[in-house]
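Asker: Okay, handing you the structure first.
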Amino acid sequence: MFYAFKDFEKKETLLIGLFKKSRLYGKAEEIDRLLNGQLSQLLKDGDVSSKKAKVSKIFTPSLQGVKRIYIVGLGREAEFTFEDAKQCFAEAVQLIHKDRKQELTVMLDSFVSEEVPAADAAHALAESCMLSCYEVQDYKHRSNVPDQCLQSVYVLTDHDLKEIQASLHVGQVYGNATNSARTLVNMPGNMLTAADLASYAAELAAKYEFECEILEKAEMEELGMGGLLAVNQGSEEPPKMIVLKYQGKETWDDVIGLVGKGITFDTGGYSIKTKSGIVGMKSDMGGAASVLGAMEAIGELRPEQNVLAVIPSTDNMISGSAMKPDDVIVSLSGKTIEILNTDAEGRLALADGLTYAKHHGASVLIDVATLTGGVVVALGTETTGAMTNHDPLYQQVRQAAEEAGEAIWQLPITEKDKKRVKNSQMADLNNSPGREGHAIMAGTFLGEFAEQTPWVHLDIAGTATTAQNSCFGPKGGTGVMVRTLVTFVERFSGNL
């Protein structure tokens with residue numbers, strides 16, 4: 001889809017970036033000459049905006065073979081960042097996509113600044129193209145008119161073509177993997193059961209030559225996975241413990257464990273959700289989607305790391321056999337848990353997932369989960385909540401998130417918090433100490449299963465979906481944390 005080259009070839013559609021108080025230069029200046037100074041005159045007359053992410057459209061009948069030029073404002077060059085580049089590309093490409101253009105030539109060097117070298121600009125372009133052109137895969141009857149979409153992007157640059165092509169590939173992989181996670185999150189619960197999620201993971205494993213293990217209910221019972229099994233008690237759909245193993249080193253050490261919550265629909269159980277709260281609970285497997293999206297990118301990029309993905313999956317339903325408040329269950333770790341709230345089910349499944357990842361050699365753990373409404377109250381819908389038992393690991397995750405352009409914010413774990421999750425007359429732990437500090441209580445509970453293993457918890461309840469369309473795509477699943485996880489895996493030093 002992306003092709004880097006040095007010599008300008010006349011294509012129907014061109015995209016140029018324009019900094020504030022800038023003139024046309026390089027390849028853009030060459031095109032201006034072919035247009036007899038039309039672009040520079042429009043710039044001089046103020047008919048083309050350099051305001052950040054503002055897109056101007058110019059028709060060019062005088063330039064044979066080139067029908068339309070899009071110019072996107074980039075703002076001040078000294079303030080232009082990698083995230084700005086992604087936004088500007090996304091705004092422009094989304095408009096070009098809506099105009100049903102199938103080919104595009106991008107003057108890459110017009111987007112280069114001191115903060116954004118050519119390779120980064122190429123990554124931003126490819127990632128933004130994939131994200132901004134994403135469309136929800138719905139189940140509506142369609143007309144017989146075939147959809148037209150952007151098929152080929154030609155990247156014109158004076159920089160090293162091999163380096164630019166490599167960056168375009170990485171950006172495309174990041175975007176595609178994020179979109180894969182979005183599609184999973186958007187799928188209805190009746191079309192994405194735990195078995196369906198396991199089949200998807202198995203297909204991913206076959207494509208990228210991962211080792212794949214799918215534990216069935218009988219095997220879980222034999223191992224004593226009381227957390228996941230308790231959540232599954234009310235369901236007619238069998239649970240699955242999904243395990244993918246990618247070995248990028250000669251020996252199985254310094255293993256990164258990625259654990260994703262795979263609750264394919266959450267009624268809340270007997271602690272049933274409200275009418276407004278239950279709609280949208282098909283997305284309660286957002287953590288699993290993020291982990292699977294990350295594994296797709298890892299399969300494409302083949303980093304020299306060892307990665308273990310663990311996804312405990314089921315739905316949380318109501319029936320005569322469903323778990324009840326006051327029940328006591330025994331987790332895979334051997335720790336007992338008193339159930340005070342059946343809607344605090346994700347942490348039960350994750351408890352077994354974290355333990356299973358440790359049993360299979362995980363040196364560090366990162367769990368991703370749409371875990372609590374409390375994190376949405378605390379941090380809103382743009383920032384993912386994070387908790388940890390190991391600050392050096394958290395700093396690596398934070399740096400990866402910053403590089404990927406995904407906001408996270410650390411919440412505390414205190415000794416008083418630990419006492420609250422241990423406050424039970426009947427068991428080692430309780431699964432819901434109360435509404436106060438709800439997001440913190442959930443993370444603290446998970447920390448009891450990470451134990452001494454370095455661990456970071458990412459609560460994406462507020463960020464896994466969006467209610468607004470944006471330049472990065474339609475409302476629905478966001479694929480949040482896919483890019484953070486992949487960046488973390490690629491950068492992980494192992495020195496903690």
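The backbone N, Cα and C atoms fix where each Cβ goes, glycine too.
These figures come from a predicted structure and were not determined experimentally.
The annotation Mn(2+) 2 binding site is assigned in Swiss-Prot to Lys261, Asp266, Asp284, Glu345. The annotation Mn(2+) 1 binding site is assigned in Swiss-Prot to Asp266, Asp343, Glu345. Under the heading active site, Swiss-Prot lists Lys273, Arg347.
Please situate the listed features within the shown structure.
Answerer: Other C-beta atoms found within 10 angstroms of the C-beta of Glu345 (Mn(2+) 2 binding site) number 30, with every protein chain shown included.
In the three-state DSSP classification, Glu345 (Mn(2+) 2 binding site) falls within coil.
Classification of Lys273 (active site) by DSSP places it in coil, neither helical nor stranded.
Taking the Cβ of Arg347 (active site) as reference, residues of its chain lying under 8 Å away and at least six apart in sequence are, in sequence order, Ala369, Leu371, Asn431, Ala442, Phe445, Leu446.
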Asker: In the structure shown, with every protein chain counted, which of the binding-site residues Asp284, Asp343 has the densest set of Cβ atoms within 10 angstroms of its Cβ?
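Answerer: Most Cβ neighbours within 10 Å: Asp284.
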Asker: Among all the protein chains here, how many other CB atoms are within 10 A of the CB of Asp266 (Mn(2+) 2 binding site)?
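Answerer: There are 27 such Cβ atoms around Asp266 (Mn(2+) 2 binding site).
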Asker: Which has the fewest other CB atoms in a 10 Å radius around its CB: Lys261, Lys273, the listed recorded positions?
Answerer: Lys273
Asker: If I take the alpha carbons of Asp266 (Mn(2+) 2 binding site) and Asp343 (Mn(2+) 1 binding site), what is the distance between them in whole Å?
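Answerer: Here the two Cα atoms lie 8 Å apart.
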Asker: Binding-site residues Lys261, Asp284, Asp343, Glu345: which have a Cα within 10 Å of Lys273 (active site)?
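Answerer: Those close enough are Asp343.
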